[in-house]
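*Asks:* Would you mind keeping the following structure in view while I ask a few things?
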4 protein chains.
Amino acid sequence: MQKIAVLTSGGDAPGMNAAVRAAVRRAAYYGIQMYGVYHGYEGLMYGDIQEMTLGSVGDIIHRGGTILYSARSEEFKTETGQQKAIDQLNRRGIEGLIVIGGDGSFRGAQKISEKGIRTIGVPGTIDNDIPCTDFTIGFDTALNTVVDAIDKIRDTATSHERTYIIEVMGRDAGDLALWAGLAAGAESILIPEVDNDMRDIVERLEAGHRRGKKHTIIIVAEGVGSASHYAEEIKKLTGLETRVTVLGHIQRGGSPTAFDRMLASRMGAAAVDLLLEGKRDRMVGIRNNEIVDVDFQEALSQKHHLDLSIYQLARTLSI
Amino acid sequence: MQKIAVLTSGGDAPGMNAAVRAAVRRAAYYGIQMYGVYHGYEGLMYGDIQEMTLGSVGDIIHRGGTILYSARSEEFKTETGQQKAIDQLNRRGIEGLIVIGGDGSFRGAQKISEKGIRTIGVPGTIDNDIPCTDFTIGFDTALNTVVDAIDKIRDTATSHERTYIIEVMGRDAGDLALWAGLAAGAESILIPEVDNDMRDIVERLEAGHRRGKKHTIIIVAEGVGSASHYAEEIKKLTGLETRVTVLGHIQRGGSPTAFDRMLASRMGAAAVDLLLEGKRDRMVGIRNNEIVDVDFQEALSQKHHLDLSIYQLARTLSI
Amino acid sequence: MQKIAVLTSGGDAPGMNAAVRAAVRRAAYYGIQMYGVYHGYEGLMYGDIQEMTLGSVGDIIHRGGTILYSARSEEFKTETGQQKAIDQLNRRGIEGLIVIGGDGSFRGAQKISEKGIRTIGVPGTIDNDIPCTDFTIGFDTALNTVVDAIDKIRDTATSHERTYIIEVMGRDAGDLALWAGLAAGAESILIPEVDNDMRDIVERLEAGHRRGKKHTIIIVAEGVGSASHYAEEIKKLTGLETRVTVLGHIQRGGSPTAFDRMLASRMGAAAVDLLLEGKRDRMVGIRNNEIVDVDFQEALSQKHHLDLSIYQLARTLSI
Amino acid sequence: MQKIAVLTSGGDAPGMNAAVRAAVRRAAYYGIQMYGVYHGYEGLMYGDIQEMTLGSVGDIIHRGGTILYSARSEEFKTETGQQKAIDQLNRRGIEGLIVIGGDGSFRGAQKISEKGIRTIGVPGTIDNDIPCTDFTIGFDTALNTVVDAIDKIRDTATSHERTYIIEVMGRDAGDLALWAGLAAGAESILIPEVDNDMRDIVERLEAGHRRGKKHTIIIVAEGVGSASHYAEEIKKLTGLETRVTVLGHIQRGGSPTAFDRMLASRMGAAAVDLLLEGKRDRMVGIRNNEIVDVDFQEALSQKHHLDLSIYQLARTLSI
């Protein structure tokens, strides 16, 4: 294997650049030529591909977003689109492809692999919703962004003694909401992995008020519905006016934390190592602090697992 | 004058604690007893008032929110409510009151003053919408919070080559939106002080695209309407899908910046000085880097002025 | 067990407050009375001990330092001192003690345990130098502080094309230096766990220069000597002038990261659980993302282990 | 005037990139061709000069350091060196030069001006030590960096009840130390503009201890000597052990604050405007929130003025 390529796909996540840097430098270390594919699978189909050198990835380890850009591509979901991508890689003699992204991106990588190019996936998404890995690149940064935002909102919640409902990202996974809620000391955390009973929420709210707690913060994972919905429900059940904040796209950006840079560096390098070992169709992961790799099929057929003991802990600590 | 009191009122702003600290310490320096009124005018009416010492304000200069809490009070708008407040102050022999807040809070302070207690106002609001002062306490912190949020959103806007519309606070004033937009390099800034022509916005958007700009950030001051409204207008006129983020209450919190701590320290101390000089019915301000004081009547009858040359500059730099 | 106490000891670390909060709330959840011991073992000997309620730990999860204070005590190292401590606990009917600190603090806890009070240790130190736990409370925050500092220094290193040597904490452990060096993309990392050959350092420096790299950042763990020493050695061997920065005490402070708040919350709660299970003489740890507990004797007799594969990775990525 | 150039010189400061961006975009707005000179006067002598377009300054407004690099040049201090620089500019038909830097850089700009090329200076330095301007680009960012560092150190100072001495930059000016000391609530601030009597420092320290203050933070401007020196003096006079931190080069880096981006944008644009108005030999400044321009001769012959009322305020508030 003399030439490999790397692309980023799906929602961007802080640390993707650190992963690209690690892949490029690891390849250079082994004397392999690395190519950067711009704009994800769309760019792959249309040959938006350039050679990358050590200099291409200088001074990017600390930058949010992705220097390779990301894009959605409907065309790539078709047989014709996939063949175009293969042709572009073959034309350049590129034998391996590293795909940094989420589960949708890995399904694309499987297609490429079926058509003869070895692919390795690197989990990059703030949602932490990929099975077979404890963490995804970007999760820790998004988590700290959310916690920092809740800390700020608590300043004003405390000053005014009000109830705030904060909606955070995570798609179908509650990790971001749960971890942020525990780390920020939120009074209630609503996540898709558990049954979120409105009566329970209201009881906790009222128990807090009885104990003299005058401000309350409720975290809502986007996977359980909108914060506004819960604000209305609380209003209906208790008459209490709440304030709603939807954190939105700030959660995707920012300079990656040390943890995400480490994770991305380890995973980006490991992806190159796997290609050199002749592996394919596999996703890099981290389990128990060790870098592992699992078959795409296995990873994509499983469900992401949220540690419910954390949820129980959050409940006992937010009394 | 042997006893004075301080309260915070209206929306909280980062730096209010630094102002309280400065007032307490300046008073202590002159051997004056300071009282803290908790929960704004509501607490004033009901005697939620405690003596403050040097220790009461230790380790608070860097904290967001207000240790004195803030609250709205309908009752205080009545003659009866105001008399209750006066009684509470008289009962304790408190002859002067410092009110940290916005224009609504100053109107309350005027009422107190009319009834015989000397009042001095300190402008604390993130909106920078108070006349007769170049800056209000909290504005610089909110500004940096907004700029930091836009920087984060730009990471993802750049990666995905999309258009984002970001709604920021400011009530009827465009300062926060304008300054943040210039400082973050936004492509368009919509503020209440100018005519925001949809055709102009769309033309700038399209001109940018023609020049190869693939991501665009548009800042909308809440005073001109909601970000969603503008997203729909753009969709109608151009077919372009945009992403909307409403920054919300994170803008009120956070540790105050150095500038806000300085401003708050200077203003809080000046308020005590003014009371000792026998002044009343005045608001502290900063003009041309100097601490000044102006009559409440004058301050409240004027309109806050936004520097339009900044707006023109922003337009020439965002081409 | 009806009454337990908690103290912080040794160097403070961000997240200690989150651990105290978790311990207090977990105890309250089980209906156990928690006492806070102020000023570490010194305060324990002299009865600086107060009951803690849910309110005692409100609004502290995000604060650096320790609300219980920390102190060194020579007297506690004596038999007499230890007996004083035991007497204070017995007098109040306190049957269990949670000690948050480093290895020195745990040796103290062992002494208490020998004299009949059950003790549980929680590893809190920015150095990550405690055996039998993957992470200590405070390490992730210090790591991000160091990485942020290196990012700032790189701005100026890049602008001036100079070589900077940055000394970071860690006592005899290289974790902080290694992780920060990798996460910040440092060119060389000097840690006590490996042989740091001056010729190798100089060769890497010169190889970088030959490849056109004009600025270089070298991280020195305090465990291998001072940054100034290495600056002099480099000067001697190459004539190159370098700039030295000793990061110092900023590394101990700051609001804890989400990771440290999570870790501290889990560990603080687990310490209470262990006491309730009748355990003693054990340290809480985290291994492979699971909370574990190990015997003090075992923990203190082992050596902290640094993952050398991270070191190798850093070398291949900093070419 | 059809062609102008811009360079950065001397110590780098956050916001320099925002100034370069503003100059390039303002020039583009007027249809003027802008050139970037790399590596300061050294690059000017040797023709390290490139055309800049709107794209050259995309995505840099928030970056620390300077994309044009900075360097010292002994040769440029000679007549021959200066003539080389003039030749490079003449060869390209460049008629005006914007120099972003400190007073040393402006002396260089005067030389260029004497030889026939119009020069305009923009004050960029974290030290705020330039006369005729209230603020220099980079000061506000450095100030916030220092305040953030002191906040962190206070966490640990509070936990351990110790005395810390922190040395900050500023060359011969005390602005950074004074403003940071006030904003962070330091107990003592030592600056070159006042007489720093050791007895006074010790008395304040001891008075604080008598009042129960157990931790103390003393800020030392580099212009009055080293923090270590003061630590020794305090040891000699009181026997008290203190901890010393020299903040060092982190003070030069970091993403510029909103204020610095605003200031830099206004100043960079103004420099282009002045050249177009036919002005020369002048420095841009900000006085009372208005952009002004003053003759180099006037600016360089005056002394920077520190507002001593701030110093007095700091003393009354740190009791």
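Even glycines carry a Cβ here, placed using N, Cα and C.
Quick paste of what TrEMBL says about this protein:
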{"type": "DOMAIN", "residues": "A:3-275", "note": "domain 'Phosphofructokinase'"}
{"type": "BINDING", "residues": "A:G11, A:R72, A:S73, A:G102, A:D103, A:G104, A:S105", "note": "ATP binding site"}
{"type": "BINDING", "residues": "A:R21, A:A22, A:A23, A:V24, A:R25, A:R154, A:G185, A:A186, A:E187, A:R211, A:K213, A:K214, A:H215", "note": "ADP binding site"}
{"type": "BINDING", "residues": "A:D103", "note": "Mg(2+) binding site"}
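Help me see these features in their spatial surroundings.
*Replies:* Classification of A:D103 (ATP binding site) by DSSP places it within a helix.
Under a cutoff of 8 A between CB atoms, and with a sequence separation of 6+ in the same chain, the neighbours of A:R21 (ADP binding site) are A:V57, A:I60, A:I61, A:S265, A:G268. DSSP classifies A:R21 (ADP binding site) as helix under the three-state reduction.
Around A:D103 (ATP binding site), the same-chain residues six or more apart in sequence whose CB sits under 8 Å from its CB are A:D129, A:I130, A:A299, A:L300, listed in sequence order.
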*Asks:* Compute the average pLDDT of the predicted model within the domain 'Phosphofructokinase' (A:3-275).
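*Replies:* PLDDT averaged over the stretch: 96.
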*Asks:* Starting from the Cβ of A:S73 (ATP binding site), draw a 10 Å sphere and report how many other Cβ atoms land inside it.
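*Replies:* So the Cβ neighbour count for A:S73 (ATP binding site) comes to 19.
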*Asks:* Find, for the listed binding-site residues A:R25, A:H215, the residue with the lowest Cβ contact count at a 10 Å cut-off, counting only other Cβ atoms.
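*Replies:* The binding-site residues A:R25, A:H215 were compared, and A:H215 has the fewest Cβ atoms within 10 Å.
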*Asks:* How many other Cβ atoms are found within 10 Å of the Cβ atom of A:K213 (ADP binding site), counting all protein chains shown?
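*Replies:* Its Cβ shell of radius 10 Å holds 18 other Cβ atoms.
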*Asks:* Round to a whole number and give the Cα-to-Cα distance in Å for the pair A:H215 (ADP binding site) and A:S73 (ATP binding site).
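*Replies:* Given the Cα positions, A:H215 (ADP binding site) is 45 Å from A:S73 (ATP binding site).
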*Asks:* Which residues in the same chain, at least 6 apart in sequence, have a Cβ under 8 Å from the Cβ of A:G11 (ATP binding site)?
*Replies:* A:S70, A:G101, A:G102, A:T125, A:I126, A:D127, A:R252
*Asks:* What whole-number distance in angstrom separates the two most remote CA atoms of the ATP-binding residues A:G11, A:R72, A:S73, A:G102, A:D103, A:G104, A:S105?
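*Replies:* Greatest Cα-Cα span of the listed binding residues: 15 Å.
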*Asks:* Taking just the CA atoms, what is the gap between A:A23 (ADP binding site) and A:S73 (ATP binding site) in Å?
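*Replies:* Checking the Cα atoms of A:A23 (ADP binding site) and A:S73 (ATP binding site) gives a distance of 24 Å.
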*Asks:* Go through the binding-site residues A:R25, A:R72, A:G102, A:G104, A:G185 for me and flag any whose C-beta is under 8 angstroms from a C-beta on chain C.
*Replies:* A:R25, A:G185
*Asks:* CB neighbours of A:G185 (ADP binding site) within 10 A?
*Replies:* 25
